[in-house]
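What TrEMBL records for this protein:
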DOMAIN    14-181  domain 'Nose resistant-to-fluoxetine protein N-terminal'
TRANSMEM  190-208  transmembrane segment
TRANSMEM  252-275  transmembrane segment
TRANSMEM  295-317  transmembrane segment
TRANSMEM  329-354  transmembrane segment
TRANSMEM  400-419  transmembrane segment
TRANSMEM  426-448  transmembrane segment
TRANSMEM  474-496  transmembrane segment
Amino acid sequence: METLFVSILSIEISGECLQTLLRFQDSFRSQKEWPFRLLTNLCFCPAVLDSSARFPFSGLLDGTIADFGEFDECLAISHAQNEFSVSGKYCLLNVLFPKPGNTSETELRFHSALIDVTNTTLDDTLFARFARNANLFYISRGLTLGACFPSTCSARDLQTLVSSLIEPTIGLKVEVNSCQSRDLRPPITTAQMVAIAVLSSLCTLTFAATMADFWGKENTFIICFSISRNWRKLFEKNTKTRALSAVHGMRVLAILWILVGHVYLMQFFHIFHVMRRLVAEMPRLAHIQYQPLKMGSFLQVDTFLFLGGVTAAYVTLDVTSRTKRRFDWFAFLALRWLRYTPAVCGLVLFYLLLPLLGSGPIFQQQIQQMYIPCEQYFYRNLLYYNNFFDSDGNCATHTWYLAVDFQLYALSPLLIFALKSRPKLGVAFALLLILVVGPLSAVSPLFLDSTLFPNLFSLNSILSEQSISRHFRLLYWGAWQHISPYCCGLVVGFVVHSRPTLRVSRAAQLCLWCLT
C-alpha cells in the first residue's frame, strides 16, 4: 500500500483527487470504516476493500466476463470530518484484449477458437484454456469490472491513474467509463422536459375524457380519449372485414412465435457482454439456435408484411369500388401516416424519459444508447426512413418494421391498380417483383461487401454491437429485402377482393398445408 501511494504522488492528477487519496491512506492506517467501503483497488490484487470487483473473479475460466462489485454500497458511501468530505463514485472498467496478429472482426466466430495451441507445449495448460475462449473475450469487448472511486476524482484523473498503475502491471489496456455518483446526477434535459409536459397533458386529457364519458357527455373530441371507450373497442370481438377473418388467426400465431423467439435472441444483442459462465452455456444456446421456434422468429416477421399487403390491397380496392371515387395517393399516404404517428410519438417520448426511470451498474450505459438517438434523430421515425441508419442513428431500432411497412405501402398502388386494370400485365409485374427483384435485392449486399455473412441468422455472425447493427441495416432492415412477401400479400388481397366466392377444395388445402 505504501508503494502504491508513492507511485500516485508521481502521477499528474488534480489536487483535490490527490488530497482525497492521501486522506484515504491515513484513514486506512487507522482502520477507519469508509476506506474499506471505498474501492481504490488500483492494482487488481485480491481485494482489500469492499465495494470493488475482484480480479481475477470467480467463473473466469468458464467464460464469466463481468463482475460489477457492489453498486449500491459504493453510492451509499458518505464521509465528512473536519471540513473533509468524500462520497463514492461507481465506474466501469473495461479490460481490453488485443487481437493476435492481423485478425479482423470478420474472423471472429463463436464456435471456433481464434488461437489454436493443440499439440503444442502449451496444450493442456491454463493458457490453453484461455486460448480456447479468447474469441469470446474479443467479441464481448473484453472484461467488465465495477470499481468504486472517490467522487473528488474526475474521470480524467481516474483514467490517468488506471493508465499509469494498472496497465503496466497487467499488460492490458483498461478504459474507465460510465461513472455514476449520487451528487452528480445528470440534469433533466430540454427534450425530457418537453416529454414530461406532453405526457402529463395527455394523461390529464385522458382522465377528463374518461370522466366525461362516465357522466354521459357527448363531445366527440373529448370522448375519443376515454379509457373505457377505447378499452371496449380494443377488445371488441366483432369485425367488419369478415372476408379477411383468417388474418386474425395468422396474427396471433405470428405474434406468439416472434415473441418467444426474440426472448432467446435478444440475450445476445443486449446482455451478451455481461453474461455469466458463457462457455458453459454455449452448448445449450447453440442447440437452441437451430430450433424453428427461435430461428424462424426473424423470418416470421415477414408474415406481418404479407398480411399488410393483403389488407392494403383488399381495403384499397374495396373503398375505391364502393365510393366510385378517383384514387387519391396523397390521402392514401396521409391516412397511413396519421394511423402510425401518434403511437410512434408516444414511444419516442417514453424513450426520452428512460434515463430517469432507473439506475444500476450498466443501466445508464445501456439506456444512453437508446436515449441519444431518440433525442437527436426522432424526426427520422416520424418520416419513416429510420431503417436506412445503424443503431446509433436509429431511435427505437425495432421500429424499422414501421418504416419498411410504410415505404412498401406507399408504393403498393402501383401493383394494386396494375392488377385491377390489366390483370395479365399486373401478374407479370408481380412475378417480376417476387421472383427477381426481391431475391436479388436481398443478396446484392453480399456481392458489394465481402465482409457480410450470407447467414445473418447464425450465431457465428453476431460480433460486436456495431457489426450487428451493420448486418441488420444491410441485410434485414431494407424495404427492398421484404418486397417478395409484401407483393405476395398484395396479390392475395387482390384475388380475395376480385373473387369473393372463391373456394379451395379440400385436396388442394391438404396439399398446400403439407407444402407449407
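Cβ atoms here come from the backbone N, Cα and C positions, even for glycine.
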The transmembrane segment (329-354) versus listed stretches 190-208, 295-317, 400-419, 474-496: most Cβ pairs under 8 Å: 190-208
What is the average pLDDT across the domain 'Nose resistant-to-fluoxetine protein N-terminal' (14-181)? 70
Kindly say whether the transmembrane segment (400-419) and the transmembrane segment (474-496) touch, using the definition of 3 or more Cβ pairs under 8 Å where each pair is 6 or more positions apart. yes
Beyond the flanks of the transmembrane segment (474-496) by at least 6 residues, Cβ under 8 Å: 243-244, 298, 302-303, 305-314, 317, 387-388, 400, 403-404, 407-408, 412, 415-416, 419-420, 426-427, 430, 433-435, 437-439, 441-442, 445-446, 449, 452, 456, 502
